[in-house]
Amino acid sequence: MHSITLWTSLLFLINGYFAMEPIILIHGGAGDIPQNRVKGKLDGVKVAVIAGHKILAQGGSALDAVEAAVLSMEDDENFNAGYGSVLNLRGEVAMEASIMRGEDLNAGAVTLVKDFPHPISIAYKVLTDSPHSFIGGEGAKLFALDKGFTTVPPESLISENAKNALEEFLQHGELGRTEIGMKNEGGVGTVGAVAIDKYGHIAVATSTGGMSGKAVGRIGDTPLIGSGTYADDNIGGVSTTGHGESILKYCLAHSIIKLMENGTDANTATKEAVTGMTNRLKNTAGAITLSKNGDVGIYFSSKRMSWAYIKSNKIFYGIEHNQILEDEYRPS
Ligand code: ASP
């Protein structure tokens, strides 16, 4: 055997031996989710986590995997992202999304997006194709058009549930509490995904319609790097959901990362930071976390949060406190 072939085979073996097990962990939003929305959310997170895992299983990147999982939930009206996003006070959809790459801390985010079905893909383009990290409103639209995205009529993103949720909010809502819009038929949630690929690279994506009855122009935590999303290959990745104004004041995603950087494990860090935010600011949230070693952290202080992850040929998922359901999974 030529020595070059020998070396190539050896490198291949070493790479195979040390390759990480790819993992994807997602959430479908925290809040006071009513019982009649539970099944749709559990079904939706299972479909989305498989969409993301397929990419990882084929050797794809963590970034592509988190985008695929979030796209799946943006298309699913069970979630408050893309189609089915909640409405602002003027009855409009105004979406926000962010995505971050842990290898080089590069990030892309968009806000106040009104007429594109997949804000996460525009955020991804900001990450790869823009000198900036965060673009909003008209600028985000111009950027997206320039990169070849096509608009849809804004009304086509509005679901019946979202209209009902706004109605309910206008009659009984208390501004500033995410859960208010979630007590009724329109109870939906922000979506997020954290993945680690076989090369050990971490990526995180989060996408939302915000909160029902929000002011025109309101920007929440989801597109803010450090609040809604954070990824660092040297530490781990976090996506958050819940009361946006509280999450952004507390920099929730980065608070969890800091705890892990100082030696706290993923699960404890997630629980400590979410509880800390809720104690300090009296509003609820949830977060999902992966450490650089693939340890999982899931915690929410709200009534419910749907989540799912795939690890070791199993899908784990749940929505209630202390609930871990499990299905066999064989990547096809
Ligand atoms: N964090 C989102 C926001 O306030 C809402 C949510 O996660 O449900 O915009």
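One is the number of the first residue shown, and numbering goes on along the chain from there.
Just so it is clear, glycine is given a Cβ too, placed from its N, Cα and C backbone atoms.
Those TrEMBL annotations? Automatic predictions, nothing curated.
The active site, nucleophile annotation in TrEMBL covers Thr190. Sequence annotations record features per position, and here TrEMBL assigns substrate binding site to Arg218, Ile219, Gly220, Asp221, Thr241, Gly242, His243, Gly244. The feature signal peptide is assigned by TrEMBL to 1-19.
For ligand 1, the neighbouring binding-site residues among Arg218, Ile219, Thr241 are Thr241, by Cβ distance under 6 Å. Cα to Cα, Arg218 (substrate binding site) and Thr190 (active site, nucleophile) are separated by 16 Å. Spacing of His243 (substrate binding site) relative to Thr190 (active site, nucleophile) is 11 Å (Cα to Cα, whole number). Around the Cβ of Asp221 (substrate binding site), the same chain contributes Ser227, Gly228, Thr240, Gly244, Glu245, Ile247, Leu248, Leu252, each under 8 angstroms and 6 or more positions distant in sequence. The DSSP secondary structure for Thr241 (substrate binding site) is strand. Taking all protein chains in view, 27 other C-beta atoms sit within 10 angstroms of the C-beta of Gly244 (substrate binding site). Counting Cβ atoms from all protein chains shown, His243 (substrate binding site) has 28 others lying within 10 Å of its own Cβ. Between Thr190 (active site, nucleophile) and Gly220 (substrate binding site), the C-alpha separation comes to 11 Å. Long-range Cβ contacts of Ile219 (substrate binding site) within its own chain (separation 6+, distance under 8 Å): Glu96, Thr111, Leu112, Gly136. Least packed by the Cβ count within 10 Å, out of the binding-site residues Gly220, Gly242, is Gly220.
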